[in-house]
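According to TrEMBL, the protein has these features:
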| type | residues | note |
| --- | --- | --- |
| DOMAIN | 60-194 | domain 'Poly A polymerase head' |
| ACT_SITE | 78 | active site |
| ACT_SITE | 80 | active site |
| REGION | 123-142 | region 'Disordered' |
| COMPBIAS | 127-141 | compositional bias 'Polar residues' |
| ACT_SITE | 163 | active site |
| DOMAIN | 221-282 | domain 'tRNA nucleotidyltransferase/poly(A) polymerase RNA and SrmB- binding' |
| DOMAIN | 337-454 | domain 'Polymerase A arginine-rich C-terminal' |
| REGION | 437-457 | region 'Disordered' |
| COMPBIAS | 446-457 | compositional bias 'Basic residues' |
C-alpha cells in the first residue's frame with residue numbers, strides 16, 4: 001500500500017476515533033471496509049494457528065506489532081496471536097509447539113523456520129480477588145515490578161495489560177474487523193506513543209517498557225504522549241532492577257533495528273542510557289565530544305548498513321559503546337608500566353567484567369570485541385610480515401572497519417585506513433613496495449580535531 005493510500009484511509013476513518021479511554025472495556029470495531037489489514041499480507045502460518053484455535057472452540061486474534069504495521073501500510077514478518085485458550089490448551093492443539101517463559105508463559109508454534117507466538121489473554125492484577133490461584137500466578141517486587149504475570153482474563157483485560165496503545169489492536173479473521181479497546185487507532189492516526197494505564201505504575205511493573213517507548217518512538221518517528229513521557233527520566237534508575245541477560249537483548253533491539261542513532265538520542269534525553277552503560281556515560285561527561293562522536297558515528301554506520309541490507313553484529317556496536325572506557329583504562333595500565341598489548345588485555349577484562357553487571361554480553365560477542373580492540377594496536381604495526389599476517393586474522397575486517405570509524409570520528413588522523421584499503425587491493429609485488437615505505441615503529445597519531453558525525457561511506 002502506498003503512503004498516499006494510507007493517508008486517504010486515515011482521512012476516511014479518523015472521525016470514528018476519539019481520545020483514548022484506557023479504562024473502557026467497550027471496543028471500537030473497525031469494519032472490513034474501513035481498514036487496510038488484508039489476509040494476503042498475513043503469513044499462512046499465523047492464519048493456520050487462528051483457524052485451528054477457532055475450530056477448537058477458542059477465540060483467537062492477530063495482535064501487536066503485526067496489526068500495527070499492517071495498518072501503517074507495512075509488510076511485517078512477525079505475527080503474534082492472542083487467545084482465550086490456556087498455554088496447555090494451545091500446546092494440546094499443536095504438536096509442533098512448546099511452552100516457554102516463566103514470568104509470562106507463552107507458546108511457540110513452529111512452521112519450519114517461522115515461529116508464531118501465541119499468548120493467553122492476560123487478566124488484571126488489581127481486580128479484587130481472594131483466589132489463591134491468582135496469588136500464585138502473580139508476584140511483584142517492593143518497587144512494583146512484576147516477576148510473575150500469569151493471571152489470565154478476557155480480551156478487554158488483555159488489551160489493558162499490553163504496553164502501548166498502538167500495540168493493542170486485535171484483528172479477527174472471523175469477521176475481518178479490527179477491535180480497539182484502548183484508543184490505539186486514534187494514536188496511530190495522531191502518531192503518538194502512549195502507555196496504557198497509569199505510566200508510573202506500568203513502568204514500575206516492567207521498567208523495560210521505558211525502553212520500548214523510546215524504541216517505538218524512534219522506529220515509527222512518533223511523538224511520545226505527555227503523560228507517557230513525564231516519568232521517564234525520573235524512573236530511569238529502575239532499569240538497574242532488570243536482569244543483565246535480558247538487558248543484552250533489549251540493547252540489540254534498541255540500537256540494531258535501523259534507527260539506532262535516533263534511539264540513542266532519545267535514551268540520552270531521558271537518561272535511559274546511564275543505567276545500561278554507566279562507565280560509558282561517565283566517560284561521555286568527562287571527554288565530551290570525542291567519545292560522543294565515536295558512538296554517534298558508529299550508530300550512523302550501523303543504521304546505513306542495515307538500510308543497505310548488509311549484515312551487522314552486536315560485537316561491533318558493543319565494541320563501539322565500550323571503546324572510550326577501554327581506551328582510558330588502557331592508558332592508565334600502560335602508565336603503570338605494563339606493555340601495550342598486555343595492558344590492552346587487562347583493560348578489556350576490567351571493562352567487560354564491570355559491564356556484565358548491567359548488560360551481560362555473551363562470550364560469542366565479547367571475544368570478538370577483544371579482538372577488534374586489540375587490532376587497533378596491531379594495525380599500526382605494518383613492517384615486516386606483520387601486515388600480511390594481519391590480513392589473515394579472522395576479525396581483520398571488523399578491526400579495519402573499527403579503524404575507519406575512529407578516523408571518521410576524528411579520534412585519530414586519517415591515512416592509516418586508506419593505506420590498509422590499498423594494501424588489501426594491491427598485488428603481491430605492490431604490497432612489497434608499500435611495506436618498504438612504512439617507517440619502523442609506525443603508529444597512528446591521535447588528533448585534536450573535533451568533527452561532527454559524517455554520513456556513512
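Cβ coordinates are placed from backbone N, Cα and C, and glycine is handled just like the others.
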Neighbour tally for residue 163 (active site), based on other Cβ positions within 10 Å of its Cβ: 22
For residue 80 (active site): intrachain residues, at least 6 apart, with Cβ closer than 8 Å: 62, 63, 64, 65, 66, 116, 117, 118, 119
Helix-strand-coil residue split for the domain 'Polymerase A arginine-rich C-terminal' (337-454), DSSP-based: 70 helix, 2 strand, 46 coil
For the domain 'tRNA nucleotidyltransferase/poly(A) polymerase RNA and SrmB- binding' (221-282), the number of residues DSSP places in helix, strand and coil: 41 helix, 2 strand, 19 coil
Cβ atoms near residue 78 (active site) (within 10 Å, other residues, all chains): 14
Residue 78 (active site) and residue 163 (active site), distance between Cα atoms, whole Å: 18
Helix-strand-coil residue split for the domain 'Poly A polymerase head' (60-194), DSSP-based: 37 helix, 43 strand, 55 coil
